[in-house]
Amino acid sequence: MDIVLQQLVNGLTLGSVYGLIAIGYTMVYGIIGMINFAHGDVYMVSAYITAIAIAILTFFGIESFPIIIVGTLFLTVAVTGAYGWVIERIAYRPLRSSSRLAVLISAIGMSLILQNYVQLSQGANQQGVPTLLTGAIRFSVGDGFVQITYMKLFILFVSLLGMGILTYVIQKTKLGRMCRATQQDRKMASILGIDTDKVISTVFVIGAVMAALAGVLVTLDYGAFDFYVGFIIGIKAFTAAVLGGIGSLPGAMLGGLILGLSEALFAGLISSDYKDVFSFSLLVLILIIRPSGLLGKPEVEKV
Amino acid sequence: MSQAVGINFKKSSIDAFIAGLMALVLFGPIVGVVLDGYGFNAEFGRVAWIVAIVAVGRFVMSSFMQTEKGIALAFRYANNDDGVTVLPPGHKSKMVWIIPLVVVIGLVLPFVASKYVLTVIILGLIYVLLGLGLNIVVGLAGLLDLGFVGFYAIGAYGLALGYENLGLGFWSMLPIAAIMAAVAGAILGFPVLRMHGDYLAIVTLGFGEIIRLILTNWASFTHGPNGVSAPLPTFFGLEFKRRSSEGTFHEFFNLPYDSAYKYMFIYLVLFAVVWAVLFIKHRLVKMPIGRAWEALREDEIACRSLGLNHVLVKLSAFMIGASTGGLAGVFFATYQGFVNPSSFTFFESALILAIVVLGGMGSTLGVVIAAFCLTVLPEMLREFAEYRVLMFGILMVVMMIWKPRGIVRVTRTGFSPKKGVAK
Amino acid sequence: MNQENILAVENLVMHFGGIKALNDVTFNIKRGSVSALIGPNGAGKTTVFNCLTGFYKATGGKIQLSAGGKETSIIKVLGEPFKATDFISPVAFVSRLKYKMFGGSHLVNRAGLSRTFQNIRLFKEMSVVENLLVAQHMLVNRSLVAGILNTKGYQKAEEEALERAFYWLGVVDLVDSANRLAGELSYGQQRRLEIARAMCTNPEIVCLDEPAAGLNPSETEALTKMIRVLRDEHNTTVLLIEHDMGMVMDISDYIVVLDHGEVIAKGGPDDIKSNPKVIAAYLGAEEGEEVTL
């Protein structure tokens with residue numbers, strides 16, 4: 001019983017992180033119908049920037065947790081956002097009118113570039129960050145106990161805050177209205193005077209920013225990372241996006257939570273060696289049974 | 001164009017400044033601050049170089065694009081649509097001369113080349129097989145398969161584990177591995193291929209990873225990360241080992257033992273198989289099934305309206321591609337004498353995809369050339385080995401933007417009407 | 001096997017989410033006739049077509065095709081959801097599973113119905129002849145072994161296919177463009193090639209979706225002749241959607257008028273011309289739409 005509860009807690013945080021990354025996939029898919037293959041690697045870059053930001057801040061003798069965290073968040077979000085913008089500008093925009101296959105291959109190329117470039121400049125070894133936030137709340141359940149670290153609470157808080165702000169931006173602001181219009185009909189939106197290229201760029205930046213949030217949170221929690229971390233977590237987040245219904249923002253968040261919870265339960269109760277196999281199999285199953293996902297609209301073929 | 005074309009250097013400078021600033025933001029932290037434990041080493045010199053190169057490059061490009069030549073180039077790029085040509089009926093390809101020449105050179109090669117050169121060429125040929133297999137799936141049928149390495153692994157582990165558990169040798173595993181890979185392709189493909197194209201990429205990617213994870217984690221069967229040894233091929237029952245109870249090749253022919261014999265033999269078998277696959281592929285593209293693959297790539301809905309079962313047609317491409325991958329896996333295992341999961345990472349799939357992309361989707365000749373370029377060149381330029389993946393990535397992006405059809409032009413056969421047909 | 005009617009549509013209903021595109025559409029198409037489906041924009045003509053040709057799975061109703069010596073239920077071959085009774089009767093279960101796994105719009109074509117598309121769908125990067133060869137996929141020798149070994153039987157089948165392709169190129173007057181890429185053809189040529197391609201599947205009924213759209217008057221006239229050839233020389237039933245009323249009235253034996261997803265009139269050209277409902281639908285439908293009834 002305590003294992004189940006503990007895994008539920010772990011799954012909840014894991015799921016909220018998946019949700020954050022899935023937002024990038026789902027928004028980009030919604031707006032230009034492509035799978036941004038390099039998104040997982042954008043997350044990876046943000047993990048490095050987090051560590052670099054912490055290293056720089058501690059180098060200047062800053063030790064208070066709130067300042068470090070705010071500084072790191074700010075730096076990581078800014079730089080990763082720039083990455084999102086530049087990736088779209090270089091690798092995707094010239095291919096706006098090309099076949100889907102061409103764009104997808106270009107995205108895979110971008111993913112390889114990011115991985116190898118980070119590996120070349122930072123070395124292939126695992127890197128780490130110091131533990132900044134310690135302590136936990138413990139409940140005893142039956143014979144055992146359930147532990148919720150402050151870090152996990154912090155992850156939940158920040159990711160929910162991030163999703164909340166994003167939902168507000170998309171639903172209530174002019175920018176969000178432009179995004180939604182472009183998603184519905186790009187041609188019509190551009191006829192109505194929306195600079196759709198700019199909107200698409202913005203969406204990439206938003207996706208990168210959300211991935212950066214996830215990168216900061218996960219890196220602070222786990223401590224260790226290398227240039228390859230983006231790959232697996234990228235596929236998981238994509239699974240979450242598909243599970244929730246690709247193109248749907250609340251779907252990405254819901255999908256992330258469901259995937260995180262089920263994966264944590266599988267790892268805790270059945271086998272942690274095969275938890276990645278579990279997630280991939282889940283992806284295949286969803287695509288077979290319900291390709292439109294939980295909250296997505298079924299695609300009507302245009303004949 | 002009555003307007004005089006002058007270069008607006010102010011615009012170029014602004015472009016260069018923005019590009020440089022962007023480069024500083026992007027490369028500053030990652031390149032300039034190298035993590036070292038919880039501290040870091042500053043490497044600002046590298047950043048300065050990169051930023052300078054980007055800014056100058058942008059300036060030059062921006063200026064060039066304002067000249068007449070640049071405008072003409074941009075115009076040509078925007079109207080770059082001349083990809084495919086139809087050959088006139090009865091066209092005689094120059095290949096009639098080139099092919100026998102290549103065959104002769106290929107047959108002489110093992111007897112003159114050094115062992116090292118031979119091993120490199122064997123590797124090149126293995127990638128030719130992989131490239132051909134994936135080219136059927138991606139180039140002809142237009143299905144992006146990112147888990148191709150999974151079929152490669154099935155072939156390689158099929159040989160190693162088949163030998164260990166069932167005592168099956170190279171020759172029996174060669175067809176069995178091809179069939180096994182095809183069956184795996186069918187099981188994976190049947191549910192997945194009716195879905196929208198992009199999902200296929202992710203699902204196959206997941207499949208490749210599942211295979212690798214199983215190979216790594218199912219230690220009781222696959223020996224996990226330690227790997228398994230694989231047998232060598234035999235020459236009519238004779239082995240290429242130094243000693244064997246079954247009789248060895250060098251003893252039978254009264255030759256001194258030389259480890260190069262096994263590579264020669266593997267090379268010759270592989271050479272024959274590559275030609276067989278080339279021939280089959282050459283036939284396939286002219287057959288109804290090959291036409292159906294290409295038609296499906298062009299327009300799936302139209303295909304369905306013409307009575308083609310799109311799932312089965314895709315599945316056939318997927319299975320034939322997979323079985324070629326399985327064949328390549330068997331050769332890889334026997335050539336290495338040993339397999340472990342680290343040979344079957346996503347990078348390998350990406351490399352094969354790079355071969356197909358560079359060679360030209362659908363072009364057989366292009367794939368052969370690209371396979372050799374991408375496997376033999378890195379062997380020769382070992383000091384740049386670290387940059388290999390980066391180069392592949394850049395190659396993929398640049399090729400998609402600049403020449404999405406690859407280096408070799410795709411041509412189509414022309415048909416002439418038979419005499420007496422109503423005009 | 002219904003001798004008189006090749007196609008029977010009964011109470012066809014099609015909903016997209018909450019949108020009711022078709023309510024209760026019923027009509028029959030006589031064997032060997034040229035029939036037209038007309039109506040103002042948004043009346044649901046193309047939706048009817050997509051249901052008939054199996055690209056949309058109708059929400060309700062029946063579509064019965066009597067061709068090739070047998071009756072085909074188009075909704076059934078697309079694969080219906082399982083029903084509770086299927087789990088008791090193994091035969092029904094297996095048949096349902098078969099269509100679920102292997103069913104789809106291609107079976108509609110194999111049953112003897114082919115179609116063209118409103119926005120032309122050719123295999124643009126393949127040559128004109130190859131477009132027609134692909135269409136004969138079900139008629140040629142598809143054996144892998146025979147093809148790789150290039151056997152006599154295979155060669156013969158390929159030659160016959162080529163001959164049939166050139167025959168149809170002759171009918172649509174495209175022999176000179178046989179070895180051009182389909183995407184390079186002019187608009188009118190592409191329309192004709194699409195009809196030839198549909199005919200290469202040896203259908204008993206061919207559905208043409210706005211075949212005259214974008215054609216100039218002389219091309220339209222040639223098209224009219226061609227459609228008559230299809231009916232008279234090849235015994236093919238033709239069903240078309242068309243906005244060019246002159247052409248529709250000229251060649252149709254039977255006309256079905258749709259408006260707002262419902263059949264408002266059916267009958268011969270003369271009945272339709274004088275039908276007040278049809279005139280109201282057209283004149284009231286959209287301002288500025290050119291109608292000459």
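In case you wondered, yes, glycine gets a Cβ from its N, Cα and C as well.
Taken from TrEMBL, the feature transmembrane segment applies to A:12-35, A:42-62, A:68-87, A:99-118, A:150-170, A:199-219, A:253-271, A:277-296.
Each of A:12-35, A:42-62, A:68-87, A:99-118, A:199-219 was scored by its Cβ pairs under 8 Å to the transmembrane segment (A:253-271), and the highest score goes to A:12-35. For the transmembrane segment (A:277-296), same-chain residues at least 6 beyond its ends with a Cβ under 8 Å from one of its own Cβ atoms are 235-236, 238-239, 241-248, 250-251, 254-255, 258-259, 262-263, 266, 270. Contact between the transmembrane segment (A:199-219) and the transmembrane segment (A:99-118) is not supported, since fewer than 3 Cβ pairs fall under 8 Å when only residues 6 or more apart in sequence are counted.
Residues 9-10, 12-13, 16-17, 19-20, 23, 133-137, 176, 179-180, 206, 210, 213-214, 217-218, 220-221, 249-250, 253 of the same chain, all 6+ positions outside the transmembrane segment (A:150-170), place their C-beta atoms under 8 angstroms from a C-beta of that stretch. A Cβ distance under 8 Å defines the sequence-distant neighbours of the transmembrane segment (A:42-62), meaning residues of its chain 6+ beyond its ends; these are 21, 24, 68, 71-72, 75-76, 79-80, 83-84, 87, 114-115, 118, 122, 127-130, 132, 207-208, 211-212, 214-216, 218-220, 225, 227-230, 233-234, 237. Tertiary proximity for the transmembrane segment (A:99-118) is limited to same-chain residues at least six positions away from its ends with a CB under 8 Å from its CB atoms, namely 33-38, 40-42, 44-45, 48, 87, 90-92, 227-228, 230-231. Non-local neighbours of the transmembrane segment (A:68-87) in the same chain are 24, 38, 42, 45-46, 49-50, 53-54, 57-58, 62, 110, 132, 201, 204-209, 211-213, 215-216, 220; each lies 6+ residues outside the stretch with a CB under 8 Å from one of its CB atoms.
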